[in-house]
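Taking it in order: structure first as structure tokens, then the write-up.
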């Protein structure tokens, strides 16, 4: 009796329900060729629970096709034929029992572009196509590029795994093929370059090179690739020192550099690495916590001194290690002459010559054009040479017969240059073995000739003044006419045991013995010229100048 009473109530509730067919799906979907796309979809249809429960089938069709005869693009009905071109690429992903009609489209092709509609069937009562809500699919050209993933930073000498993947791709459709190209790859194992994953052991020279991953779907003309530049971390492998843009030669982490004393020096230290190493210069060989003299790769010395000769070290510090190089700085100088000087001594003419240079120079004496080299002792000369540090000293003793005009020169040289000095001895001793007599006779002759010349000049001047006084009065200049007309030629500086100039003050007159040793290099007389009167009103007078000569 109770079921009969409830039956009208159930009928009343059923009569209030209205059959509803609804579909929620995107109206337009765009996908690149060869990629995948998921189209979310949900639907509803009128169904009463007291009906029988036949299976629920859903279908996706191309727009314009007749559902009863056309092949579907996707369905859950195993008895319906699916289009061969969409087989495996168009798939239903949702649970249709939960009214999920989501559609997965893989390996999209240009011919897939078009409109699609959804249909639901269940038993004899539910057969409905949702023509009002269609899906518009557009397939465009592939512009997506693969991604290259580095599982860890690239470090020189350490194996690193890489992977290549294409965003938006899926397993639907033919498989993807991969290929890797780049200078960092080993040509001995080509199989490793055909996988989506790659193990790479980079080298320092691989930094900055290109690595390319190319993807292609088998059986399709779809190809895409991406190229990346490798960023390889590596410690310094070599250090180069440049001077004026020219690299110095380095042997066994040591470089030798000669520098002229007083010259400016600028050195550049270069150590390629990634990231860049910290460069610094140290004096000598640096200890663990030594303080650098330069915190950059540049070392500047404004004026190189001999005290700076020695070692400098350039160090390149890097997180992966350090490297350093030793520079041996050698300060050199050209020969600098001190001398030569000559003097008469008991054993003969004694000449001395000194040179300073780095390295110490070699010395050579020349008598006229005849070289006198080394330490030797022969009949007419004796040479003695020595060196200490940058100094080289040599002495030359000449004895025996010497020519009247004697030229003695001293020359020094090292690998960087040479310098020489000479002494010209005029009217020297003709023969040291004959003693003082020849020298005295020669000196007396010179003094007699000088007195005659002075007397003749004095007579001519007195005669000229008398003629001027007779013609017109004039006042003579206070200057001594005789001293104004006599000039002495240049001569060499006297030797240490020789006297000073002949016109020395009376208080400094040299001893008689030294006066005997005096020799003139030359003596000349200039042409006499008449002097113009300075004061016309002065009375006519005659002036005499006293001439003093050493005896």
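Residue 1 is the first one shown; counting continues down the chain.
The backbone N, Cα and C atoms fix where each Cβ goes, glycine too.
Keep in mind the model is a prediction, meaning the values are calculated, not measured.
What Swiss-Prot says about this protein:
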type     : residues : note
DISULFID : 36-170   : disulfide bond
DISULFID : 41-101   : disulfide bond
DISULFID : 164-213  : disulfide bond
DISULFID : 269-314  : disulfide bond
DOMAIN   : 19-136   : domain 'Ig-like V-type'
DOMAIN   : 146-229  : domain 'Ig-like C2-type 1'
CARBOHYD : 100      : N-linked glycosylation site
CARBOHYD : 210      : N-linked glycosylation site
CARBOHYD : 231      : N-linked glycosylation site
CARBOHYD : 253      : N-linked glycosylation site
CARBOHYD : 328      : N-linked glycosylation site
CARBOHYD : 375      : N-linked glycosylation site
CARBOHYD : 384      : N-linked glycosylation site
CARBOHYD : 393      : N-linked glycosylation site
REGION   : 189-210  : region 'Disordered'
REGION   : 469-551  : region 'Disordered'
MOTIF    : 518-523  : motif 'ITIM motif'
MOTIF    : 542-547  : motif 'SLAM-like motif'
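Of the listed disulfide-bonded residues, namely 36, 170, the sparsest CB environment within 10 A is found at 170. The local packing around residue 393 (N-linked glycosylation site), expressed as other Cβ atoms within 10 Å of its Cβ over all shown chains, amounts to 17. Among the recorded positions listed here, namely 100, 101, 164, 253, 393, 164 has its C-alpha nearest to that of residue 210 (N-linked glycosylation site). The shortest Cα-Cα distance from residue 328 (N-linked glycosylation site) to any of the disulfide-bonded residues (36, 101, 269) is found for 269. Between the C-alpha atoms of residue 314 (disulfide bond) and residue 253 (N-linked glycosylation site), the distance comes to 10 Å. For residue 253 (N-linked glycosylation site), the nearest neighbour among the recorded positions 100, 164, 170, 384, 393, judged by Cα separation, is 393. With a cut-off of 8 Å between CB atoms and residues at least 6 apart in sequence, the same chain places 239, 240, 241, 279, 281, 297, 298, 299, 314, 316, 325 near residue 269 (disulfide bond), listed in sequence order.
Counting every protein chain shown, the number of other Cβ atoms lying within 10 Å of the Cβ of residue 314 (disulfide bond) is 27.
Put simply, residue 36 (disulfide bond) is 95 Å from residue 393 (N-linked glycosylation site) when counted between their Cα atoms.
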